[in-house]
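Reviewing the structure listed below.
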Amino acid sequence: MWGRWRGAGGRRGVAQPVIPQMKLLGGRVPLGASALGLLIVCWFYIFPGGERLPGHKEMIRQVLQFGPRWGRNRSSGDSFRKLLQDCCDPPRLFSMTKANTALGENLWYDGEFFQSLTIDNTTRSLFPQDTPIKLPLKRCSVVGNGGILKNSRCGEQIDEADFVMRCNLPPLSREYTDDVGTKTQLVTVNPSIIDKRFQNLLWSRKSFVESVSVYKQSYVYMPAFSTKRGTDPSLRVYYTLEDFGTNQTVLFANPNFLRNVGKFWKSKGVHSKRLSTGLFMVSAALSLCEEVTIYGFWPFQMDLGGRHISHHYYDNMLPLSGVHAMPEEFLQLWHLHKSGVLQMQLDQCKKDVSSKKPH
């Protein structure tokens, strides 16, 4: 399944080919190197990098030009759902279950090469028999954490959905509820959050339980089997919530689902080390839900009115560079919006009646 790289060095006693040389700017450059350079140029022409993507001003122009008109295209939605079903089978593979994971199975991590885990009785006992999410879902809200949500007054509209997905333990305190709502059926948690904010639950179990209580009776969705270092923190989350008798249920992301979703979007032109959590959730929602509206998916520093906005609605902490391809992801989602597959909320849901927001 996993290929291995072979060394390029020649064997002793075997004559090595002479690489032809060509003159360039007074020096000599291997012909192979020039061919490689041409290949790289062609690659960036065919698969342009971020510098060739539309900037925020161009995207604002496109969004404003498209206007508020939007209609759900059920035919396009059904076709896209079939694509996701064929590649990734989200209803069956979205989370780890006893039904999709055999005892003794060698489970390959999706975020690391050559790393796997053998599923034993202890690990398998943490999985539900089948997915506990009752399918199909009718209306879903997927809430990203983009700064465009600030002062959007979209909270009420978000909460009207039957199923609300949120990403990476976002704050839902009173100062934000007008904009992002409070309802949550599923919230994702990256193991890195458990490490940075809760010291891997070695000393901060109670503070973690208090933090997730805001999500009430929801599913806590964790990529426990994406990297080896993320497995133990994810299992600690499971045991912590179980020990405290909370209302949350931990679901572990199936690495086969995450891997296949990554391949799917790569085939569509998203070239990144790893997809954002938001795009994983949108992909799941488009398969599990009949109607999908997404909020807070805007990777630019200005809103539609040309005003500077923070990276998140709650802070301005920037992500690590080189991991995600947020503009490329946005363009894919914008195309789905224009096609009527999903609705992307980019403007205020309710217009402000005063300069000061009521609370």
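Even glycines carry a Cβ here, placed using N, Cα and C.
Noted in Swiss-Prot for the protein shown:
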| type | residues | note |
| --- | --- | --- |
| ACT_SITE | His324 | active site, proton donor/acceptor |
| BINDING | Asn145, Asn168, Ser276, Thr277, Gly278, Trp298, His312 | CMP-N-acetyl-beta-neuraminate binding site |
| DISULFID | Cys140-Cys289 | disulfide bond |
| DISULFID | Cys154-Cys349 | disulfide bond |
| CARBOHYD | Asn73 | N-linked glycosylation site |
| CARBOHYD | Asn121 | N-linked glycosylation site |
| CARBOHYD | Asn247 | N-linked glycosylation site |
| TOPO_DOM | 1-28 | topological domain 'Cytoplasmic' |
| TOPO_DOM | 50-359 | topological domain 'Lumenal' |
| TRANSMEM | 29-49 | transmembrane segment |
Separation of alpha carbons, Cys154 (disulfide bond) and Ser276 (CMP-N-acetyl-beta-neuraminate binding site) (Å):
22
Other C-beta atoms that fall within 10 angstroms of the C-beta of Asn168 (CMP-N-acetyl-beta-neuraminate binding site):
16
I'd like the Cβ neighbour count for Cys154 (disulfide bond), meaning other Cβ atoms within 10 Å of its Cβ, all protein chains included.
24
So which one is it: of the disulfide-bonded residues Cys140, Cys349, which has the fewest other Cβ atoms within 10 Å?
Cys349
Would you kindly give the Cα-Cα distance separating Asn73 (N-linked glycosylation site) and Asn168 (CMP-N-acetyl-beta-neuraminate binding site), rounded to the nearest Å?
30
Write down the Cα-Cα distance for Asn247 (N-linked glycosylation site) and Asn145 (CMP-N-acetyl-beta-neuraminate binding site), rounded and given in Å.
24
Please list, in sequence order, the residues in the chain of His312 (CMP-N-acetyl-beta-neuraminate binding site) that are at least six apart in sequence and whose C-beta is under 8 Å away from its C-beta.
Asn145, Gly146, Gly147, Pro170
What is the interatomic distance between the Cα atoms of Asn247 (N-linked glycosylation site) and Cys140 (disulfide bond), given in whole Å?
21
Please give me the CB contact count at 10 A for Trp298 (CMP-N-acetyl-beta-neuraminate binding site), counting all chains in the structure.
26
Within 10 Å of the Cβ of Asn247 (N-linked glycosylation site), how many other Cβ atoms are there?
11
For Thr277 (CMP-N-acetyl-beta-neuraminate binding site), the three-state class that DSSP assigns:
helix
